[in-house]
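The structure appears below as structure tokens.
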């Protein structure tokens, strides 16, 4: 079966499996749902198991600690998708033959045999948990007893400066360009980059790396592009390389390097990439663009590396003001050039529907799960005077990497869901988003002042306070595991021990010195669990796949990572349409007509990008041709789908 789609005058022909052959096994997985009877039984059995454990006089203090740890993670397995315990839960419920998982708790409770049935199941689950806990204790004891002295040596991360001997041989000059959004700091650094013989730009986003690549090429500068998902070697000897920070080349010598958003080095999930760029780049001049909050931290690191250090400070090119009042919830007061900021995809589309109805016009949308190419298209619509999309609905994704003709930022809320709980938006993030107001004028005319306000009065005082708070200094630079040491550490242990437990032990033992901290976010540890027990997959392959850009809570992630791991282990050459874990049948629907279909297409696009990321690292196994075509089709459908929803 083939899907034919016309995009920009080119017909793509992509083979697909039949829907019946490509149903994703996890799409029917109900174990993550909280209201199903399987979870009711699980919770009851877990309570019984907990009571048994902590009533036992045989438990040592060490085992009591492990018991509490085991119970906590079992309890949260369905919420946080901790694979080791999540699989335990799923397997136990499945093995017990409890197949009637689609009925609600209420209907189960009303069934005649429910009370007897529940008691039997609870007892069996309790027994399985007890057996599993004993295995868990044995795993922990084996980990702790395996070469403890060598474990301590391999987790000693106290001197990351010495990890980069090539950079230590150079007398580098670190030059900081510090200022708020729209102060010209990055422009100044890029002007220096244009004049060097050999340079590199490293930024936080693929979209930004593309923008610099296109801009430099338009200026006649030979520039290549390196991102996690795409490599463009247009020139054998480029003057400049534009890349994302994770792809920064630390083994080549440059005259000038520019690292954007250097304050991100304190970020728990990706900060390690900025820190390793700062410590490891072999460049005579390193220009760092960022916020005042990171100056003291970088200065202290420059002193440790014995590099020269200079700071240039910049003021905004146009003023930024907080409005006199909020909009008091009146959508009719929104004007052309406004950007309404919401912190979830659901809230963005809810607001979009209300705003489009209230104003009788379409609005553009930008949020994190949209592909960069689609975000760029929506930004162009918003910036264009000939377009009808004169109001923008956006998430915090607008904080970096897009040139937007925003006149006024309107916060719809100052809270967001962190993945665990609802939190206040951090002050630096509020300031960064607010700074987008008045940031860019696509026509090159004089820039007007930027205005920032809130949609509702309840948030207005909080916004005022945030905008007037002084900058707080950052004190920590995140580092990741050193590859060779981490490889040796993982190699110490037997293959039958769940690698998640080994990872937990590694981070527990890891030791650093100020200002460096180890970031667990530097390793997508949930991925390692999907790769457990794949025959023929080496430890080096597993470490390499830890960077695969799949979302932790994606229902497609487990099967996708496992299938990629198996393919690599077997050395089997294939195209993306050969993978059962990639639901390409979504493309058969054509252009999405509902928000649900749009979201499903976004999830498919992320899987395609993850495949392309893996194909760059395993080009002899994972072929890229069909993936590039399906990616283009998905992006075209997304653009047209958003356009349909805007009508």
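Cβ coordinates come from backbone N, Cα and C, glycine included.
Over in Swiss-Prot, the protein carries these features:
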- 166-303: domain 'Helicase ATP-binding' (DOMAIN)
- 179, 180, 181, 182, 183, 184, 185, 186: ATP binding site (BINDING)
- 326-486: domain 'Helicase C-terminal' (DOMAIN)
- request: Would you list, in sequence order, the residues of this chain other than 179, 180, 181, 182, 183, 184, 185, 186 that have their CB within 8 A of the centroid of the site's CB atoms, where the site is the one recorded for ATP?
  value: 314, 316, 317, 435
Query: Can you count helix, strand and coil residues in the domain 'Helicase ATP-binding' (166-303) using DSSP?
result: 57 helix, 38 strand, 43 coil
Query: Just how many other Cβ atoms lie inside 10 Å of the Cβ on residue 184 (ATP binding site)?
result: 14
Around the Cβ of residue 180 (ATP binding site), the count of other Cβ atoms that are within 10 Å: 18
Task: Might you list, by sequence position, any residue in that chain lying six or more from residue 179 (ATP binding site) with a Cβ less than 8 Å away from its Cβ?
output: 185, 292, 313, 314, 315, 316
- prompt: Over the domain 'Helicase ATP-binding' (166-303), what is the model's mean pLDDT?
  reply: 95
Query: For the binding-site residues 181, 183, which one has its C-beta crowded by the most other C-beta atoms within 10 angstroms?
result: 181
Message: Validating a neighbour-count step here. Other CB atoms within 10 A of the CB of residue 185 (ATP binding site): how many?
response: 23
